[in-house]
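> One structure, as structure tokens, below. Some questions next.
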């Protein structure tokens with residue numbers, strides 16, 4: 001459990017809550033004599049905590065977004081696919097307590113099981129440390145990661161769509177430099193179109209450098225239109 005706490009960045013005062021969050025109903029049913037409770041109730045609570053924190057974040061950070069867009073954005077952030085990514089990042093499947101049948105059936109990798117476990121763990125953190133602790137985890141593993149992906153997606157996708165107006169166009173990104181100490185490294189990336197350089201970008205991560213290279217390429221291509 002200490003390894004998982006390390007990945008979470010949170011230490012439980014009551015570790016029994018974490019144990020409960022990792023107990024699937026199949027394991028609880030096979031071990032009724034032990035009086036174990038499955039993680040289903042925690043999953044229920046975690047779903048609500050997650051939805052509330054994400055809704056609050058979107059409401060505060062997007063003051064001009066209409067209700068329909070807020071609802072769709074929240075749904076995308078709390079969907080099973082998003083939670084599966086979190087579970088895989090934490091390697092949560094390795095910590096689950098599963099019944100023999102579920103274990104044999106590949107339950108540790110089953111999207112519905114590991115996504116539900118993420119919600120249960122969030123509830124366990126909420127009960128153990130309060131809404132502030134739960135909010136920090138949601139910010140770290142869902143909101144911040146999604147913001148990084150969105151930032152990277154924006155310019156790269158826009159560039160891809162721009163060059164696909166003509167068939168046979170091939171984009172490529174190459175790392176052309178990295179300077180500075182490991183804790184403050186700056187990366188340089190070049191993007192080329194059919195082997196011809198069309199933009200360069202720098203950033204504190206390769207993703208950020210790629211985004212900036214794509215942005216520079218878009219500006220160059222549009223200037224030549």
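Yeah, the Cβs are placed from backbone N, Cα and C, and that goes for glycine too.
Okay, so TrEMBL annotates it like this:
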type	residues	note
DOMAIN	1-130	domain 'RNase III'
BINDING	43, 116, 119	Mg(2+) binding site
ACT_SITE	47	active site
ACT_SITE	119	active site
DOMAIN	154-223	domain 'DRBM'
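What does the local environment look like for each feature on the list?
Sequence-distant neighbours of residue 119 (Mg(2+) binding site): residues of the same chain at least 6 apart with a C-beta under 8 Å from its C-beta are 42, 43, 46, 47, 50, 83.
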> Once near-sequence residues are set aside, which residues in the chain of residue 116 (Mg(2+) binding site), 6 or more away, have Cβ atoms under 8 Å from its Cβ?
39, 40, 43
> For residue 119 (Mg(2+) binding site), what is the secondary structure by DSSP, using just helix, strand and coil?
helix
> On the 0 to 100 scale, where does the mean pLDDT of the domain 'RNase III' (1-130) fall?
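Value for the domain 'RNase III' (1-130), mean pLDDT as a whole number: 94.
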